[in-house]
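The domain 'LIM zinc-binding' annotation in TrEMBL covers 48-122, 123-184, 243-305.
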Amino acid sequence: AGPGSYTVGTMSERFDCHYCRDPLQGKKYVQKEGRHCCVKCFEKFCANTCIECKKPIGADSKATLDLPLPSRLFQELHFKNRYWHDNCFRCVKCYTSLVNEPFMLRENNKVWCSNCTATEDAPRCKGCFKPIIAGDQNVEYKKMVWHKDCFTCSQCKQVIGSGSFFPKGDDFYCVSCHEHKFAKTCAKCKNPITSGGLTYQEQPWHSECFICSHCKKQLGGKRFTAVEDQFYCVDCYKECVAKKCAGCKNPITAGFGRGTSVVNYEDESWHDYCFKCTKCARGLANKRFVCHNGKIYCADCPKRL
């Protein structure tokens with residue numbers, strides 16, 4: 001039977017049921033589409049079936065719609081051709097009665113209250129898998145969402161919340177744990193290098209740790225030399241470390257100035273271009289020479305002395 005309003009009453013004069021022909025005088029009956037029938041025949045032939053309990057909605061029952069309507073002795077209400085007993089019309093999730101309450105009809109013809117609908121449709125926290133409802137503080141990252149207190153460091157388990165973090169695959173690390181777990185360690189101070197830094201001989205350094213051993217100036221991007229694991233800028237190397245040329249008396253800084261070769265003889269050193277004959281000034285680097293009275297001569301000049 002289709003939806004509509006039925007009249008329930010009691011006959012006071014001779015009248016028969018349309019279906020079973022039993023007399024209705026003095027009995028309760030239902031009038032539908034101009035026909036009169038007893039309550040028993042109404043439930044058998046005319047009553048709609050409750051979508052929840054699958055039993056007929058009899059003349060003594062009320063079906064319920066989503067909006068409150070005036071109470072009548074018997075009026076069959078429907079929603080999208082679906083019918084319920086009033087005590088069957090409950091939220092499938094929390095079992096709250098939805099008589100005269102707003103509801104939503106969802107899959108499998110189940111009805112939900114507005115609160116449970118909002119909870120069910122809410123995004124799920126990737127940490128606790130519970131819904132994140134309106135008003136909850138949350139953290140979003142690459143289409144994933146967490147409750148603020150569920151977004152924790154994979155290493156120390158402390159709450160990251162809205163703080164800085166580093167993603168690594170499916171894990172997330174707070175700044176401190178990321179530094180200790182993944183950052184390179186400075187060759188000098190052994191602390192993590194979180195940003196910047198430089199590399200020398202395949203070892204990482206903080207910029208502030210790679211400095212001149214004498215003047216303490218940073219050497220990043222500057223010329224320097226290494227002596228026995230110590231680093232010196234050009235000026236400090238000349239002043240404090242470099243040998244003095246026995247010829248010109250200036251520091252011998254191989255690689256910093258003119259000439260790169262050094263001549264060593266009996267605890268003295270010369271620039272290669274300063275190592276020359278005292279008499280004829282011929283360059284003697286990589287050539288035979290003679291030392292006479294503490295002076296250097298070519299092989300020919302001592303004969304002329």
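Cβ coordinates are placed from backbone N, Cα and C, and glycine is handled just like the others.
Mean pLDDT of the predicted structure over the domain 'LIM zinc-binding' (48-122): 68. DSSP places the residues of the domain 'LIM zinc-binding' (243-305) in helix, strand and coil in these numbers: 4 helix, 21 strand, 38 coil.
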